[in-house]
Amino acid sequence: MEFNLEVGMKAVIEYVVGEKDTAVHYGSGGVLVYATPAMIGLMENASLKAVDPHLPMGFATVGTHLDVKHMAATPVGMKVRAEAELIEVDGKKLKFRIDAYDEKDKIGEGFHSRYIIHVDKFIQAAEAKGNK
């Protein structure tokens, strides 16, 4: 199946950091600052928002690889933003440049890979795994 995705597709997502987004809440640290897992989730979400709306009905993407640096702390109450740009398309394999910012600094950067899947087949395979 042919997918109508092009290098250069982008998405931006932002929100205000809450206590649920902290390292303490995630269990990834003992400090009430923006957690690395929360930042990575935001970056992944920006990546899928860049391409998933352009896929045919019944298809989606799943994350397969991350290479990310978390470079600066962000306090609760500050706005964060993730930007994703599709930089490579190889059949169903997609690669994104991902960056994250708060109101003062660039806080994260890296690369993220996603794979296009047929949702029903993917769910069936996952459920079959549980039946073994």
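Even glycines carry a Cβ here, placed using N, Cα and C.
Going by TrEMBL, these are the annotated features:
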type     : residues  : note
DOMAIN   : 17-118    : domain 'Fluoroacetyl-CoA-specific thioesterase-like'
ACT_SITE : T36       : active site
ACT_SITE : E44       : active site
BINDING  : G63       : CoA binding site
BINDING  : G63, R114 : substrate binding site
ACT_SITE : H70       : active site
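Mapped onto this structure are the features recorded in TrEMBL.
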residue	record	contacts (Cβ under 8 Å, 6+ apart)
T36	active site	A23, S28, G29, V68, H70
E44	active site	G63, L66, H112
R114	substrate binding site	S47, L48, V51, T61, V62, G63, T64, K93, L94, F96
Exercise. How would DSSP class E44 (active site) in three states?
Worked result: helix
Exercise. For the domain 'Fluoroacetyl-CoA-specific thioesterase-like' (17-118), DSSP counts of helix, strand and coil?
Worked result: 26 helix, 51 strand, 25 coil
